[in-house]
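Only one structure is covered here, and it is reproduced in the block below.
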Amino acid sequence: MMTIQRYSLVFCAIFATCWTASVVNNKQVIDTSVPQTETTLNDADFHSDLHQRYDLQTLGIKVKDDPTIGNYSEGDILLESPKKFVEENNKLGRNAIKQIYRRWPNNEIPYTLSSQYGSYARSVIANAMNEYHTKTCVKFVARDPSKHHDYLWIHPDEGCYSLVGKTGGKQPVSLDSGCIQVGTIVHELMHAVGFFHEQSRQDRDSYIDVVWQNVMNGADDQFEKYNLNVISHLDEPYDYASIMHYGPYAFSGSGKKTLVPKKSGSERMGQRVKFSDIDVRKINKLYNCPGVSGNNNNNNNNQINSNSIVNHPQV
């Protein structure tokens, strides 16, 4: 028995393939004792095996699969309210604000990362960025202060949130310990790329009913719709499986459903596991990505694995 264990340890040391849940600790997620400075990811983060799904709840971390932060517009968008966003953009003459606030130039999104993220969090964030790198032409690049004035500042504030599109300067994206999951990070970064939530579409009432009596007090504005002067559907159908869609219990004040689908194909509504095919196509259309894999119509938009089953969010 000891011989088997010895050989196993040697194999792990040589091939670095034996990352187990037992070696994850809270400081490998976020270590607030570290002075907060701006860093970037390195090659080791992008090639690490540490991103493999880990149950953060075993560390006492409250996981935020579907954040419902009442102080933010639509739960995780850093705006005062959807209405204010529309009013501000009306003042701008409704200038090409279709589905994005501002598009990032050259399909590159510069970023910096808080030094408080540990090795596990860094690998998960890198894996989420890799989803964009392999399926779209959008690239997250380490900020070069000499040429990047506008950039994302990814740090552990309170909850998970992002602004929509490029807003200028040092632009915050918050990923606290409960947000360190690949799907949740992909979702927040998709806001930064330029997308609102799927159920904000003008045509959403043809696909879902909002059960207003089940919505928590003061949260009605979390279900605002944007008209086509503000967002574009990019000629894509409504997507229940989008990583940008709310789950059925979002902002529930009673534990009952707030969103009820009207059509079939909604089994994974609210999933936070991976892009749907339509998500990928929309990003590629928005950024004019040429010949990027993932633009095919292989009719598997709703084929998300069993880990994506949506549970009642903590509200």
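Note: Cβ is positioned from N, Cα and C throughout, glycine not excepted.
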From C12, C18, C137, partner that Swiss-Prot gives for the disulfide involving C289: C137
Cα within 10 Å of E188 (active site) - qualifying disulfide-bonded residues among C137, C160, C289: C160
Conformational class of C160 (disulfide bond) under the three-state DSSP mapping: strand
Integer Cα-Cα distance in angstrom, C179 (disulfide bond) to C137 (disulfide bond): 25
Three-state secondary structure, E188 (active site) (per DSSP): helix
